[in-house]
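Structure record follows, encoded as C-alpha cells.
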Amino acid sequence: MDVTIQHPWFKRALGPFYPSRLFDQFFGEGLFEYDLLPFLSSTISPYYRQSLFRTALDSGISEVRSDRDRFVILLDVKHFSPEDLTVKVLDDFVEIHGKHNERQDDHGYISREFHRRYRLPTAVDQSALSCSLSADGMLTFSGPKLVDPSHGERTIPVSREEKPSSAPSS
C-alpha cells in the first residue's frame, strides 16, 4: 500500500484568487501576470482560462511516498543534468541541491538553483539508499525500510476466564 505523504493536488488552486504557479517548482521559468493576479487573466485574452488543476509532472511538485517496504522521493528536475545535482544524506535528512550556471535559452540567459530537504523515516536502511535521474527529468531517491521482526504479524491466543468481567456491560 502506497501512502503519499505530500499529495500534489493538495497545493493546487482552490479558487480564482489563488496564485497556482507561485509556489510551484518552476525553476527559473518566470511568473506571468496571471500567476500573481489570476483574476486579471483577461488582460492576456478574454477567452483564455488557465487550468486550475495540473498533473504532478507538469507542476514540478515533489512527491514523497512511504509504504511498508520502501521510502521514495520523486522530484521533477528536468532543467538539470546529473552533473548539476548534489544529493547528500546528513543525519536523518536527505538534501537535494541543483544549480546550473547562466546559459542561453530561447528567451535570453537563465540560471537556476534549488535546495530541497526531506526527513528520512527512522526505519529506512541508509546503507541501501539509491538515486537515479530518468530521461524525462524525474529524480527518484529511494531506500528500503528495515524489517523489524518484532513488529511482524503474530497471532495472540484468546484465553477463557471463569470469572465475569468487572467492566460494566452496555
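Any Cβ shown, glycine's included, is placed from N, Cα and C.
According to Swiss-Prot, the feature Zn(2+) 1 binding site maps to H100, E102. In this structure, H100 (Zn(2+) 1 binding site) is part of a beta strand by DSSP. Within 10 Å of the C-beta of H100 (Zn(2+) 1 binding site) there are 17 other C-beta atoms, taking all protein chains into account.
The Zn(2+) 3 binding site annotation in Swiss-Prot covers H151 and rests on similarity to another entry.
Annotated compositional bias 'Basic and acidic residues' per Swiss-Prot: 148-164, in sequence order.
If you look up Swiss-Prot, you'll see M1 marked as N-acetylmethionine.
The deamidated glutamine feature in Swiss-Prot is assigned to Q6 (among others); the stated evidence is similarity to another entry.
Under the heading phosphoserine, Swiss-Prot lists S45, citing similarity to another entry as support.
Among the features that Swiss-Prot reports, deamidated glutamine is placed at Q50 (among others).
Note: K99 (N6-acetyllysine) has non-local neighbours D84, S111, R112, E113, F114, i.e. same-chain residues 6+ apart with C-beta under 8 A of its own C-beta. Per Swiss-Prot, the feature N6-acetyllysine maps to K99.
Marked as deamidated asparagine by Swiss-Prot on the basis of similarity to another entry: N101.
The region 'Required for complex formation with BFSP1 and BFSP2' annotation in Swiss-Prot covers 1-63 and is backed by similarity to another entry.
Residues or ranges marked as region 'Disordered' by Swiss-Prot: 144-170.
For N101 (deamidated asparagine), the same-chain residues 6+ apart in sequence whose C-beta sits under 8 angstroms from its C-beta are S111. Cβ neighbour count for E102 (Zn(2+) 1 binding site): 9 (other Cβ atoms within 10 Å of its Cβ, all protein chains included).
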